[in-house]
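Undergrad: Attaching a single structure in structure tokens format; questions to follow.
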Amino acid sequence: MEAEATPNPRKGIFTSISDFIWKHGTFYRLHLSFFTIVPLIASGIFYGCNGRFHVSYLDSLFICYSAMTVTGLSVINLSTTTPWQQALLYILMILGDFTTVSWIMVLVRKWYFRKYIEKDVIKSRYNHPLPKKTRTLFLKSISSPVNMFKQREEVPASEVNPTFELTEPTPHVTMNVLTNDPASEDEEHFLADVRTFSSSPQAGSFALPQEPTFSLRSTGVAFSPTTAHQPRTLTIREGVAFPRRTATIYSPHRKVDPDLKKFEGKGGFPTPTTLLKKLLKRGAPKTYRNLERKMTMPYTETLTAKKVPWLSFDGLVVGRNSAFRTETLTDEQLETLGGVEYRALRLLSYLVPCYFVGTQLLAFIILAPWLSATTRYNSVFASQPKMVQKPWFSLFVILGSYSGGGLSLVDAGMVPFQGAYLMIFALGFVILAGNHALPIFLRFIIWVWYKIVGENSETGKTLSFLLHHPRRCFLYLFPSHQTWFLFILLVVFSILEWVAFEVLNIGLPFFEQMPKGPRVIDGLFQGLAVRASGFAIVPLASASPALLFLYVVMMYIAVYPIAMTIRSTNVYESESLGVFEEAPDEEDEEPADLHKLEPRERIGRYLLWHLDRQMSIDIWWLVWGIFLVAVIERNNLLDESKKWFDLFRVVFEMVSAFGGIGLTLGLPTDNFAFSGGLRPLSKLVIIVIMVRGRHRGLPVGIDRSVTFPRELNPRANVKRKQGLYEENGNGVPAAQA
């Protein structure tokens, strides 16, 4: 046998970096690194492109991070920047846009399917270099999320073959662990090994404790296992339950005693949600039942070829959030699933950029010719330190609206365009298309496309898969019920902000000076901008304090609808498919008893759990950020000559930065954001808050749309690294004899 060639121990720098990324990289870590490093590099370029109006490096750093995180807070007048600097900010807003990041992840996962999985599976199965690509091998390599980890070999039978003897029915619902030794009945009892109920091949080798006796009190049948070595007996014990290891299970259809209803709610008083629910139930019972049915989350469903067009076989079991149960599927069925999912990724790789370009192009076609033709706003552009061409301004402001970047080459923002209805509607459309309504518009386009092409075509089957299981492929595409939930919240929030703008500003000078038409249209636009782009179409510093406080709340919760929907539709394979080495911590685990609750209770508890998790993750960053800025700006806050420099303005700016909004109360002496009047150290704090805020809406755990298939089996990865087993041809432990 010839000696194997000794590998070169000295790796190139790119190989070392690649190995490090594959070993330690996750979507969240790479995302955070990208949003930290790229603006840092861009700030040096921005500073080097200074022109007649010099921009300090700190301000260059701030504006680059603001553009990259699509926040939109500006500490300089952008009209004074050079064309190269403006182009750099434009590129940064594209790179930091939510659509762009999601599209890049689609491309990466598509590339990974084609390259790495095919290579790994073929090498492991056939033990030879990668041959020429064929369709069959390609489809095998991309079959299903866990088919490459699926156990194909039979689990060896245990050396001890138990038999079961029928004893008698039992009437209740608890099982207690006892022993045959009467003297030990007062000792603490517990399950000896939690892995007794595991489905792994290893679990069959654990020895049972000697002569256990179980007291079953359940509506069903009791069994007693016996073996050739030593009989084991399950016996019935009459009387009361053994108190040490019991669990009380309430009926999912239990009704609250009318005399105890007074103790429900907060301190015995009904919550606003409860009152609204009762009002809806009594006033519109049919609508209430429909909403209740739509918002109830099914846990498992068995699909057939007649139910869904994209499925060519019967018996696919799908768990909650599109978790496919693939254990009993054949290779051909797995290949079918993988082929559909790959085609969905390929379709999205074309659809998403077309959506990104198409929506902005539509707004540009509406805005740019009109703005170039009209002379009404020529004075706005002429009054700035440097002249900005109207077509370039239109392109820049449209991207700022779509991405939520909120940067504008007109220093006064949208205030000079209060009566420009065509511009307001065009920008309002792209604000919705790129932010609040991105999942809604995308799903609507896919649905219309599906209705046009029909369910029998190959494209129709792929579109049907995206409609039924969107989160397996794209981060900001959700199932029907969750999309309706987002639509309802969008309408409710928009109406609330619109009405508040019209009512709370009554009697204020700036509001009374506005014509009635702009009052209505500008109020709607301002409400949309508060939760996305951050454009101010009215002087916010003169607005009602109550309205400003409402805007603070709305800026903070702006990310919650989509963030909670991402978390609640997180498509990862459950424990039964080997995702977790151990059960997750209790605080990170979703409520496990939702199926025991009444339908009307499920959605409330589920959403409240995700809301609590989201708030516990991010609120501390905001608290510490405000505290540090308050410490740094103490002298300014206590300066009697600066009445406008108060703590509320600091809170408003910090929430805007943390929410990625960019709305600001500004400075009385200039057109840029309030951040421009802060000390250098405070600006650095805001940069950190902007970067952290940009990551609020991302999945905090394993998520199918941002995870490579091989990462969905950490148990196998850990054991592979430890050398605890050899893999068979499917990337799973080879069966032990």
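Backbone N, Cα and C define each Cβ position, glycine as well.
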Undergrad: Examine the ranges 391-410, 671-690 and name the one recorded by TrEMBL as transmembrane segment.
TA: 391-410
Undergrad: For the transmembrane segment (61-81), what are the same-chain contacts with Cβ under 8 Å, counting residues 6+ beyond its ends?
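TA: Distant Cβ neighbours of the transmembrane segment (61-81) are 35, 38-40, 42-43, 46, 51-53, 55, 88-89, 92-93, 95-98, 384-386, 388, 400, 403-411, 533-534, 653, 656-657, 660-662, 664, 670-673, 675-676, 683, 686-687, 690-691, 693-694.
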Undergrad: With a cut-off of 8 Å between Cβ atoms, can you find at least three pairs linking the transmembrane segment (644-666) to the transmembrane segment (532-559)? Only pairs 6 or more residues apart in sequence count.
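TA: Yes, the transmembrane segment (644-666) and the transmembrane segment (532-559) are in contact.
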Undergrad: Are there three or more C-beta pairs under 8 angstroms joining the transmembrane segment (532-559) and the transmembrane segment (87-108), sequence spacing 6 or more?
TA: no
Undergrad: Are the transmembrane segment (422-450) and the transmembrane segment (347-371) near each other by the rule of at least 3 C-beta pairs under 8 angstroms (pairs 6 or more apart)?
TA: yes
Undergrad: Tell me whether the transmembrane segment (391-410) sits in contact with the transmembrane segment (484-511), defined here as at least 3 Cβ pairs under 8 Å among residues 6 or more apart in sequence.
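TA: Contact between the transmembrane segment (391-410) and the transmembrane segment (484-511): absent.
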